[in-house]
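All remarks here apply to the structure that follows.
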Amino acid sequence: MAMKASIKGKYDTDKTSGIGSLAFNAGDIKLRATMTDATLVAGPTLTGLALAVEKPGSFIVEYNVPKKDVRFQFMNTVRIAEKPLNLTYIHSRADNRTIVDGSLVIDSANKLSANHMVGTNNCKIKYTYAHGGLATFEPCYDLAKNTWDFAVSRRFYSGDNVRATYQTSSKLLGMEWSRNNKASGFKVCASVNLADELKTPKLTAETTWNLEM
């Protein structure tokens, strides 16, 4: 039985936190336990502990131990006019919330996605255009707010990825720099609210270490 472990540390201007996970592969089923720093610092306790059973590409069942909440996620792919449509159904029992997500891959460069919370008018439609496999442009329309969000990203052969986002509803401008490989990764984010008179930037940094046994 193969085992994978990962540790993620996060620092921002307000606090420092950590998340750890252990995953075991049992055939085509993956068993995963996730813990936050609150699980170990004060105890050990059950705070921040979540257990999950996953079959990649098919389903995920996650149990939040302290909240006694179950979250179901089911994935499937159908074909429309020979184009793959990836569907995801997510239901959280505690707040009785259901989300349906669909993504239609038109070709290698174009993708159309929609996300809808059942029983509400919350719906977002996003178009993704990938240029040359390195640059990506993503406009997103929020039907409930009648606003647009935009994201532009650029991937480099070194493994670095730079991403810029702008939310027109909140006037929030964000920048992100990340790098991921098999053993480790990091992400540095900066955001500023352009509607804020002071326009004070908020900085966060994440580091991830991966171990496979």
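Every residue, even glycine, has its Cβ placed from backbone N, Cα and C.
For the topological domain 'Chloroplast intermembrane' (14-18), the DSSP-based tally of helix, strand and coil residues reads 0 helix, 3 strand, 2 coil. Per Swiss-Prot, topological domain 'Chloroplast intermembrane' is recorded for 14-18 (among others), and the stated evidence type is sequence analysis.
A mean pLDDT of 94 is what the model gives for the topological domain 'Cytoplasmic' (29-32). Taken from Swiss-Prot, the feature topological domain 'Cytoplasmic' covers 29-32 (among others), and the record attributes it to sequence analysis.
Residues annotated as topological domain 'Chloroplast intermembrane' in Swiss-Prot: 43-55 (among others).
According to Swiss-Prot, the topological domain 'Cytoplasmic' annotation covers 65-70 (among others). For the topological domain 'Cytoplasmic' (65-70), the list of distant contacts is 46-51, 92-94: same-chain residues at least six beyond its ends, Cβ to Cβ under 8 Å.
Annotation comment: Swiss-Prot describes 81-93 (among others) as topological domain 'Chloroplast intermembrane'.
The topological domain 'Cytoplasmic' annotation in Swiss-Prot covers 104-108 (among others) and rests on sequence analysis.
Through the fold, the topological domain 'Chloroplast intermembrane' (119-122) approaches residues 98, 143-144 of its own chain, all at least 6 residues removed from its boundaries and within a Cβ separation under 8 Å. Sequence annotations record features per position, and here Swiss-Prot assigns topological domain 'Chloroplast intermembrane' to 119-122 (among others) based on sequence analysis.
Look at Swiss-Prot and you will find 133-144 (among others) tagged as topological domain 'Cytoplasmic'. Among residues of the same chain six or more beyond the topological domain 'Cytoplasmic' (133-144), those with a C-beta under 8 A of the stretch's C-beta atoms are 108, 120-127, 150-156, 169.
Residues 159, 161, 170-174, 207-210, 212 of the same chain sit 6 or more residues outside the topological domain 'Chloroplast intermembrane' (180-201) yet have a Cβ under 8 Å from a Cβ within it. Residues annotated as topological domain 'Chloroplast intermembrane' in Swiss-Prot, with sequence analysis given as evidence: 180-201 (among others).
Beyond the ends of the transmembrane segment (4-13), by six or more residues, the same chain brings 19-23, 25, 202-213 to within a C-beta distance below 8 angstroms of the stretch. According to Swiss-Prot, the transmembrane segment annotation covers 4-13 (among others).
Positions annotated as transmembrane segment by Swiss-Prot: 19-28 (among others). Long-range contacts of the transmembrane segment (19-28) within the same chain: residues 1-8, 10, 34-37, 55-56, each at least 6 residues beyond the stretch ends and with a Cβ under 8 Å from a Cβ of the stretch.
Annotated transmembrane segment per Swiss-Prot: 33-42 (among others), in sequence order.
Under 8 Å from some Cβ of the transmembrane segment (56-64) lie the Cβ atoms of residues 28, 30, 49-50, 70-77, 94, all in the same chain and six or more residues away from its ends. Residues annotated as transmembrane segment in Swiss-Prot: 56-64 (among others).
The transmembrane segment annotation in Swiss-Prot covers 71-80 (among others).
Here the transmembrane segment (94-103) has Cβ contacts under 8 Å with residues 64, 67-69, 85-88, 111-119 of the same chain, all six or more residues outside its ends. The transmembrane segment annotation in Swiss-Prot covers 94-103 (among others) and is backed by sequence analysis.
Long-range contacts of the transmembrane segment (109-118) within the same chain: residues 97-103, 124-131, each at least 6 residues beyond the stretch ends and with a Cβ under 8 Å from a Cβ of the stretch. What Swiss-Prot records for 109-118 (among others) is transmembrane segment.
Nonlocal intrachain contacts for the transmembrane segment (145-156), taken as residues 6+ away from its ends with a CB within less than 8 angstroms of a stretch CB, comprise 133-139, 162-169.
For the topological domain 'Chloroplast intermembrane' (119-122), residue counts in helix, strand and coil come to 0 helix, 0 strand, 4 coil, using DSSP.
For the topological domain 'Chloroplast intermembrane' (81-93), the number of residues in each DSSP class (helix H, G, I; strand E, B; coil) is 0 helix, 10 strand, 3 coil. Counting residues 6+ beyond its ends, the topological domain 'Chloroplast intermembrane' (81-93) has Cβ neighbours under 8 Å at 69-75, 99-106 in the same chain.
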